[in-house]
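Undergrad: Here TrEMBL flags B:10-70 as domain 'HTH tetR-type'. Annotation comment: TrEMBL describes B:33-52 as DNA-binding region.
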2 protein chains.
Amino acid sequence: MARKSGSHGEITGPRILAAAERLIARKGFAAVTMREIAREVGVQAGALYLYIPDKQTLLFDLMRRHMEELLAAWEAEPKGETPLEQLEAFARFHIRFHLARPDATFISYMELRNLEPENFARIEALRKRYEDILEGILKEGSAAGVFRVPDTKLATMALIAMLTGVNTWYREGGRLSRERVERIYWNMVRRAVKG
Amino acid sequence: MARKSGSHGEITGPRILAAAERLIARKGFAAVTMREIAREVGVQAGALYLYIPDKQTLLFDLMRRHMEELLAAWEAEPKGETPLEQLEAFARFHIRFHLARPDATFISYMELRNLEPENFARIEALRKRYEDILEGILKEGSAAGVFRVPDTKLATMALIAMLTGVNTWYREGGRLSRERVERIYWNMVRRAVKG
DNA sequence: TCTTGATATGAACGAATGTTCAGTTAAACC
DNA sequence: GGTTTAACTGAACATTCGTTCATATCAAGA
């Protein structure tokens, strides 16, 4: 029997990615088995291979999707005119986007070393494109005398680390609203680079 | 035969921790096998169990040692008088300490989810003690009107994330000296919280 | 109604895992 | 020189891993 109940064609493919994302974020890629993922989807382990070639590709697909959605979401974002407005847009966008996808964010920062070299290079390339966005804003603002940053690359890494750090402690329904967190972080970012 | 060459009593215990730290930092706890660690030490896998009870304890020992050394090192650090001086001391200390121990730092931030609940709680307690040091400085400076931080807990998390982020990109012998990195980061920290 | 093709099962594969343990070695002590 | 003892080996244990595949099921088209 193919399944206990329900009909075929009930989109199993996407459910695999969703289940894998949840499990890998919680336990780590190496600690999650294909059988666990299958159980979460409600299917036997062998059935996973109708949708993915192997476990490594599953991880790569999750990370690539996350990075591509990140870049696409920024493209669709209202940018602002001045470097200061752009920096605020970026800071708020970064917090908002990553807080909305805690699992994917966690995986993309923690599981890099479980990617095979070629896959690693491709994810790193996407990440660099994202970092270049922030560095571009900082460079422009530096040239205009609005920002004072001795090293734009270093400032880029510092600000992204700080902003991504929100994910490690923020909890929905906690003491602070997302809007309030955004404002406080934006204030720290602004003051950290203000000329 | 016990060994191919050399004599017994050549401190194998510490070498296990050192090898495990290197390997786990590079490949992740779940992806490292006891046989790999043993090979790195130059011993058979069974011999590891003369020094450690099991793999989980090995991870816990690494993380506990790191956190305890961190707290002890801060105790031994010259503190400064004013909140501003204390904050500078903390920022520079944090960067210096963690850059000197990239493997242990990496493990302590990445492998928390591989700790069993009880071990996790103990490591988290140590981490909280460390975060409380920075929050204490921020609170004191806020009360004195030297700092302007709307929420000391949030600022603590933001600054620690930013400072620890140095480890993700800094490379010995790279473009920037450690002293220069320290100064630039300290400047950003100072401006981010200055009243 | 018969055929087709996608979807899924469940058993099986070899390899690898953490851990144990009876036996071996060699240095240290009497 | 004989005994003790800590250090270590190497084989074995029961599980579990990712992956494959012959087979079964079912919905849809002819």
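Using the three backbone atoms N, Cα and C, a Cβ is placed for every residue, glycine included.
For each feature listed, report its degree of burial, its nearest neighbours and the pertinent distances within the displayed model.
TA: Mean pLDDT of the predicted structure over the DNA-binding region (B:33-52): 97.
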Undergrad: Checking distant contacts: for the DNA-binding region (B:33-52), what same-chain residues at least six beyond its ends satisfy Cβ-Cβ under 8 A?
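TA: That would be 12-13, 15-16, 19-20, 22-23, 58, 61.
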Undergrad: For the DNA-binding region (B:33-52), DSSP counts of helix, strand and coil?
TA: 14 helix, 0 strand, 6 coil
